[in-house]
Amino acid sequence: MAMPSPIEPGFYREALVFLGTAGVVIPLMARIRVSPVLGFLVAGLALGPHSLGRLAESAPWLGVIAITSHDTVDQLAELGIVFLLFTIGLELSFDRLWTMRRMVFGLGMLQVTVTTAAIGAIAWSFGNPFNASLVIGACLALSSTPIVLQLLAEQRRLASVAGRTIFAVLLAQDLAVVPILFLVAVFGNTAADTVTGALAGHSVLAGLLVAVLQGAVAVAVIIGFGRIILRPLFRLVALTRNRELFMAAILFVVVGTSLITHFANLSMALGAFLAGLLLSETEFRREVEVDIEPFKGMLLGLFFISVGMRIDPLQVASEPALLGLSIFGMVLLKIAVIGVLARLFGLAWPVAVEASLLLAGGGEFAFLVLGLARSGGLMPAEIEQFMLLVASGTMLLTPLLARLGGQAGLRARRAAALAAGHDDPGPIESGRTIVVGFGRVGRLVGELLQGEDRPFIAIDRNADAVASARKAGFSAVYGDATRPDFLRRCGLADAPAVVVTMDDPTAAEHVVAAVRAERSEVPVVARARDAAHAVRLFRLGATDVVPEAMEASLDLASAALQTLGGSRDEVHAAIRAKRELLKAPLRAGRPAQ
């Protein structure tokens, strides 16, 4: 007898719709040079229960391509946020985070406080109760971490001053979620119960203290055990050279740390962020980034679709003027608050403008907070739905605001540069040479580069070799250099040269091919085992090849000639001429006879 499927057929249908949507949205948005975020948001609006789902009642065939289940999409979408924050943690470190403390606890917390008060006052002036107004202000003060960070990543602006400022504010907003959720619960209890003001105040203080202690313990556990366990764990896994096991270790760490913070009533994304911070200080950082990228991209697409699904076009049509004014007013208010605060914290106008525009939209936590407020009796369903539309509408505008922010920031920087009497030079930092393979040969190359003040990054698949190199003070990472996406993560885009020193002929060929697939002009110098291997490397696009046997023979000949009385200059000239004579047929594609 056939076993019944534990998953409803509708799950597979909606998964198929999502995959098909991703297959259309991503290349289409790339073709018209628009962020895929906007494409997913619009797709969610079109395919969601309030659009095609509603039309399917009269035209059942439309139900085949409609997405109607919020629960499944929301659960997978939350994982997308978790993976995004994990990768952001990988890009930072505890030292860098400590340098951002003024922005996180100063600018970020002030932004949440001032924006909450301003929006709350406006909501109160429209006749809403004080408690409900405060909750509305608090949830609309937050921005969307996944949308904003994804847009910054697409623009390669995360490492800029504006990017770091925006991230600091978003991190402060994530930290503010816990007290906001606690206040919603307290306000709900206050609305339901009749208790004295002193008792209520005592309850609030005690509950807040417990929440803070729970969060502190969870963070301490993750950081303490993470520093002790993570590096040895990944080194042990890396020594097996089993990619599936390495991927399993990553998923174990991400999900495990997320669950720890979840059980402490903190955001799951915060746990993943801490795990990323801990791994950012290890040699496995780049390989982890590459392995996790496909999961993050697909699950984030689901998150953006879930946001679009929440927008009801009929509700928008019922009160278009009030809704439009509310969205416009909220965006303007947040731009003003963030812009002024950024200037007060000493940030330049270009940074203040860009940050205020990117952070002007609403965030996904509004859906959670407003839902809890309605279920707790703080506000009627009509107010909740209207505020959800305001939050969703501003999130839909975030990609446009990001584009405006980037353009406004660029114009402001150019204007400031011209006012100072010089043009904007743009980034002048050069990249690092990439040394692939850091055994005896690679290490010697690295020492010579370091001696000449040539910055480099070494890559090796041997975890012990990487650990030894890092202990000696070299910049070395664990990873697979045959993967173009990993090479991109290691800075191939602006590397002045690539040196391949691997003793595995096949792997060396794959690395040269991967480099050439990404950059056709970068110089590639490769080590070859013999003449036949050198021919293959030249054919794959290596700029220069050093065959081991040939160079050993030439070194022996040089030493012999000088021992026999030949002058150094004459011997070097003879060796150089012989080397070119031997390499000429290799470049032409035929081994020397």
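Just so it is clear, glycine is given a Cβ too, placed from its N, Cα and C backbone atoms.
Annotation comment: TrEMBL describes 12-30, 37-56, 76-92, 104-126, 132-153, 165-187, 199-225, 245-274, 323-345, 351-373, 385-404 as transmembrane segment. Look at TrEMBL and you will find 430-547 tagged as domain 'RCK N-terminal'.
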Legend entry - Helix, strand and coil residues within the domain 'RCK N-terminal' (430-547) as assigned by DSSP: 54 helix, 24 strand, 40 coil
Legend entry - Paired segments the transmembrane segment (323-345) and the transmembrane segment (12-30) in contact, 3+ CB pairs under 8 A: no
Legend entry - Residue numbers, six or more beyond the limits of the transmembrane segment (132-153), whose CB comes under 8 Å of its CB atoms: 35, 37, 80-81, 84-85, 88, 111-112, 115-124, 163, 166-167, 169-170, 173-174, 176-177, 180, 183-184, 187, 269, 300, 303-304, 307, 330, 334, 358-366, 369-370, 373, 378-379, 383, 387, 390-391, 395, 398-399, 402
Inset, instruction - Would you mind listing the long-range same-chain contacts of the transmembrane segment (104-126), meaning Cβ under 8 Å and 6+ residues beyond its ends? - result: 97, 132-134, 136-138, 140-142, 165, 168-173, 175-176, 329-330, 333-334, 337-338, 341-342, 345, 359
Legend entry - Cβ contacts under 8 Å made by the transmembrane segment (385-404) with residues that lie 6+ beyond its boundaries: 34-35, 37-38, 41-42, 45, 136, 139-140, 144, 147-148, 151-152, 155, 307-308, 310-312, 315-316, 319, 323, 326-327, 330-331, 357-358, 360-364, 366-367, 370
Legend entry - Integer average pLDDT (0 to 100) for the domain 'RCK N-terminal' (430-547): 89
